[in-house]
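Step one of this worksheet: look at the structure below.
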Amino acid sequence: MMGNMVGYAHLINEMRLKAIGVKNPALIQPVTRIERINGALAVPQAVAPEAGDFLAHIIFALKHEGVNLSILAQALPRIEGRLLVEAITQSPTSGYLRKVCFLWEAYSELLLDYTDKPRGPGVLLFDPERYITGPSVRNNRWRVDFNGLGTLQYCATVERTPEVRALLDYDILGRSKEFIASLPKEMMDRAINWAYLSETDSSFAIEKEAPSQQKSERFVQLLRQAHDRQPLTEDYLVSLQNNAISQPLEWAMAFRHEQNHLTNSFRGAAGVTYIPPPPDLCRELMFELMAFANRAPLELDPLVAAGIASFGFVFLHPFMDGNGRLSRFLIHQALCCSGALENGLLLPVSVAMKREEQRYLEALQSFSKPARQFWDVRWVDADNMSLNFTGDPSLYRYWDATECVAFTLEMAKRALEVELREETEYLQRYDTLLKVVNENYDVRGSLLSKLIMQCLDQNGVVSKGRRKQYNGYIQEEVFDFLEGHAQALLAEAYAEPDDE
């Protein structure tokens, strides 16, 4: 199998690159044309580059497999410059060769001995039909436009998979604004207040923590800060971390200066599930990520920007504690900075994530799991482990955010269509029942409120236990009256046709 590899897979294997393997490797197979078969890119022997011609494999990869900057950043500096000069001299209009020359100079920090002016039209580094792209920045020497989601120092990639395309076409944020605008003012305020409280509870619950009332209130205030549209800086993130963490001993003063790691329930090295970049690299990339997060919500779909900012932050893990909570805050920060959410609106994405914890874990593991293999972890004693990075910095500079962005989009859709809509419908049913019971019976307000909520939570049934509990305070006929109206409201809701 190894000898049949082409393109990126061949480069990783033959050049012994420290890079995450490609999802759909190119392999020589008995086919007559290049096509995808069983999770691989099948390549005819006749069009496969010679095994030792690494430049040809790079061009093949760019042409047929897309742009993988993590691999290219390691492979290109090992290609002799004269080979590129010879190739571009023979094919001066080749867009793929101009891309290679542009990236070779960027990663080698050298200039090729080539003085002719580039020929042919300008070319985009990332194909907009295949990838979600950012604003273009022209390199005049090679007439190549860098249009990645970031810079050559830090860049995520998001492929336009069928799932991502469908979610973008759904216009989640536009529908959210329309839904909130359709609500009466008082109902809108109640729904938004519920969203803040539920978002807080779920963000803590994801980390298996039950916050005190004081901690909850602090986090609600933190969430509301997203609407201030304050640019991300180290000082601002430090202040957010201090507000999100109640233990003063865990308050950060700056981005971390020591190595951290994540573990599961296993002991020793086997329990280490993810290790973020070393402190110096983390600090460098955090400034790149903050620059991206500050401008991207206004340059591309805000939910795409939010997904990259949120997951990018948690993969860098700039603090010793509080990273998960802050990463989810960054989703709201991006949406508010884009202007997509107004009037204090918040999409309770953490509520949706809590209900889809396994999928959340899978999105995190799309990067964390393959990245783990580039660390040598050795158990020293009960309190210490030796963590040695054996990979290349490009591993953390360039990452595939496709699964993470798709998950963010899906959770935003669920936050609107399930969480927010269901809570609003619940409040509307509650109000209707409160009004109709009060119009016909005299029941103490606090008791009636509890009874209605319990009835709705039990699908319109007042249990025998509740009837016994409130016996002597509420007339028996009230229970039957409430049940009848509650079940009628629920039946009406279930009978409504789906508008999608």
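Glycine residues also receive a Cβ, built from the backbone N, Cα and C atoms like all the rest.
Feature list (source: TrEMBL):
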{"type": "ACT_SITE", "residues": "H317", "note": "active site"}
{"type": "BINDING", "residues": "D321, G322, N323, G324, R325, L326, S327, R328", "note": "ATP binding site"}
{"type": "DOMAIN", "residues": "232-382", "note": "domain 'Fido'"}
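Sitting within 8 Å of the Cβ centre of D321, G322, N323, G324, R325, L326, S327, R328, and not among those site residues for ATP, are the Cβ atoms of E207, Q241, A244, F313, V314, F319, F329.
On the backbone, the CA of G324 (ATP binding site) and the CA of the residue listed as 'active site' stand 8 Å apart. Cβ neighbour count for the residue listed as 'active site': 23 (other Cβ atoms within 10 Å of its Cβ, all protein chains included). Taken as a whole, the domain 'Fido' (232-382) shows an average pLDDT of 94 in this prediction. With respect to the residue listed as 'active site', the closest of these binding-site residues in Cα terms is N323, chosen from N323, R325, S327. When other Cβ atoms within 10 Å of the Cβ of R325 (ATP binding site) are tallied across all protein chains shown, the result is 23. If you draw a 10 Å sphere around the CB of S327 (ATP binding site), it holds 20 other CB atoms from the protein chains shown. For G322 (ATP binding site), the same-chain residues 6+ apart in sequence whose C-beta sits under 8 angstroms from its C-beta are Q241, A244, I245, E250, A252.
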